[in-house]
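Below is one structure; the comments refer to it alone.
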Amino acid sequence: MSTLEHPLIDRFLDALWLEKGLADNTREAYRNDLQQFNAWLDGRGLRLEGIGRDAILDHLAWRLEQGYKARSTARFLSGLRGFYRYCLRDGLIAEDPTLQVDLPQLGKPLPKSLSEADVEALLAAPEVDDPLGLRDRTMLEVLYACGLRVSELVGLTLEQVNLRQGVVKVFGKGSKERLVPLGEEAIGWLERYLREARGDLLGGRPSDVLFPSLRGEQMTRQTFWHRIKHHAQVAAIGTSISPHTLRHAFATHLLNHGADLRVVQMLLGHSDLSTTQIYTHIARARLQDLHARHHPRG
């Protein structure tokens, strides 16, 4: 039996034809997808009926790097789900490995991003000679260096940042914790901000908030959004911008510089790889160095 062939694939497709009267073209597409997946698994010492969710996610990352479109991957996953439901129903496997794998979203527009030149212009917009401007510059640097959600950024406390190790501890959706590298540029701005500006903003008031407002309190997301829009106007950026735009730029630029999709998923705090797939219109190469070598400001 060649690595492409597998008796379970034929049995599944025959059952599908008998139960649903599947069109010949769809049936052959499913056959090709499943045979290709089986060959991919065989090359890694894995068996079609003995894999878990991680193997499927790894294969999805491989498909994306090979340039497969979202519609093609959606068809592949549809066939794969049907195959494993069939295996589960017949008692051939104990659990369905596709249950926690999301289908790619079709027709969803790409998130707005910025070019690296636009990001540089935005980062340079705040006047850093006063505490407010230095705070804003540092927030923008951290936002771009780490790809944080705005709620994660404004909620940062002093104890979440470790400048010696160069990482920030982030509590994302569902209180999931992740460590994200800061990079040299962001570390430098944080050191200057903590030395020159944060104390002036607090005015002697005790607080563990990393980026306090002028009242010494945690800044709201809406306030930071207005600050970003102001700096975007100063930088003459024509693209409509929001705090999330820099998160998109973080992901897009990392992938454009050769980052691995699974690493970007981890840095963004996405629970599923498919959420990160929308950025892969520019993904081309594997990551050689996790952050410092590939991030534009690493």
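A Cβ is built for glycine as well, from the same backbone N, Cα and C atoms used for every other residue.
Database features (Swiss-Prot):
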- Arg149: active site (ACT_SITE)
- Lys173: active site (ACT_SITE)
- His244: active site (ACT_SITE)
- Arg247: active site (ACT_SITE)
- His270: active site (ACT_SITE)
- Tyr279: active site, O-(3'-phospho-DNA)-tyrosine intermediate (ACT_SITE)
- 3-88: domain 'Core-binding (CB)' (DOMAIN)
- 109-292: domain 'Tyr recombinase' (DOMAIN)
Integer Cα-Cα distance in angstrom, His244 (active site) to Arg149 (active site): 7
Cα-Cα distance linking Arg149 (active site) and Arg247 (active site), given in Å to the nearest integer: 7
For the active-site residues Arg149, His244, Arg247, the one whose C-beta sees the most other C-beta atoms within 10 angstroms: Arg247
Summary of DSSP states over the domain 'Core-binding (CB)' (3-88), given as helix, strand and coil counts: 68 helix, 0 strand, 18 coil
